[in-house]
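For reference, the structure is listed below as structure tokens.
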């Protein structure tokens, strides 16, 4: 195909972005329907809006998915295996998810779509993989909504127990759902401020915790490094260390949300790489330093470390305990308020991620077409309604039958994140192989992962090793229970059923002869931020505009300085 034809195809694709749109950074605006119903009603043919700015995506990357895991469950890792093992576990999982984000960012900065890795799985590997990842991810986030609502009810009952958990659930879910119906920019703005609160809280905790540990609080000598001495750093051997991965996975969950949000961000070829770089500091500051501070300040035998996670007791949260011991008596109320913010943020992200993945599944032909419809403001109303209905139905299972059904539903998705993250490594390898096979230049990519193919291969190896470690820990857990092993790997059964089921459907119903997409047939045009060969031109144009803007601001500042000087002199 000639380069002119390729460029024309890229420009004519409905979901692609024109060069002018990229240069201006303005969201693509379609003709608005009049009236409230016209704005809420979803119709076929509308598309999502690129309404999220760089700061929104940056804050989603930095703190958007900091939830109850880091506030309540992180201490359990210290209690289970010691502060050294917990720190090592969070470091390994942090390294793993960062490599996942880098490999995913290379693709999503060039092809910013709401389905992200589900679309990439279909396009670069096989339709069966895209189908499996999409439904797996939708189920993962949809099931997270009732779990977050349950957590919110526990947090709010800290102040009053006059309302039942389902009362609090309704109070919370209505405004969060309403926010989702307005515009994606509202989601971005709300997440920006939710994340800001959590980030400030974590930074304050680390500062106060280190001061307390170093003996900076009057009347408290500070534990120093005592919790790491006398064999306390690593306890329980490899089995306990492997079990801490569960808490680390829970804390890091949702780190790939940046790639999903790239489909509705302005100038994704610039904002996505920035957000990816911010992820490194998020992992270092908000997870590694937090778990280190907890390990330094609280001994692994302290009963509060376990009661915080298993009893959802905010007064026993490691964050609360450190603040109280440092002399901040009202810390429980402050931490509880921030915890509520974290849960609201997580619920907001759950609705966003589940609805956008369902939207993508419908447009890929893996779900009923109606779920691919969006309204005039770019909101996928049918997909949101299904996620809401599924969440409400699942929430009832937390009440009926003592929550047994809900527990098993959560077990189904328990290892889902690990399976999705590991699959991204495979997709990255296939993406690069097909990209090279078609003779395309890597210079066209807005962001290139370093050290290829070390990172995606590392994702596959680390993901497999942690997958085995999870099973090893479940087998050695005392007392041994077969249901713990089943609970660990039941998510794998779902993955196999989805993949195998679609493969059978593809072979016998669709009559497709090729399971994997041939390298020469991989589509590198649809949804691309620019056509092949245009990357350097647009980058150079962006650089020129930036220099002109900086020069203009400098000249404007100089004129203001001269005017101020004249006023002062005369």
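Cβ coordinates are placed from backbone N, Cα and C, and glycine is handled just like the others.
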Which of these ranges is annotated transmembrane segment in TrEMBL: 354-377, 450-473, 522-545? 450-473
TrEMBL record, transmembrane segment, of the ranges 32-56, 57-81 the matching one is 57-81
By a Cβ-Cβ criterion of under 8 Å, what residues six or more beyond either terminus of the transmembrane segment (117-138) are in contact with it? 104, 107, 111, 256, 259, 353-354, 357-358, 360-361, 364, 366, 387, 413, 416, 419-420, 423-424, 426-427, 430-431, 434, 494-495, 498-499, 502-503, 506, 515-517, 522-523, 527
Highest Cβ pair tally under 8 Å against the transmembrane segment (232-259), stretches 193-212, 280-301, 379-400, lands on 280-301
Relative to the transmembrane segment (321-347), which of 166-186, 193-212, 379-400, 485-505 accounts for the most Cβ pairs at distances under 8 Å? 193-212
Counting Cβ pairs under 8 Å that sit 6 or more residues apart, are there three or more between the transmembrane segment (450-473) and the transmembrane segment (87-105)? yes
Under 8 Å for C-beta pairs, could you tell me which stretch among 87-105, 166-186, 280-301, 379-400, 485-505 has the largest tally with the transmembrane segment (193-212)? 280-301
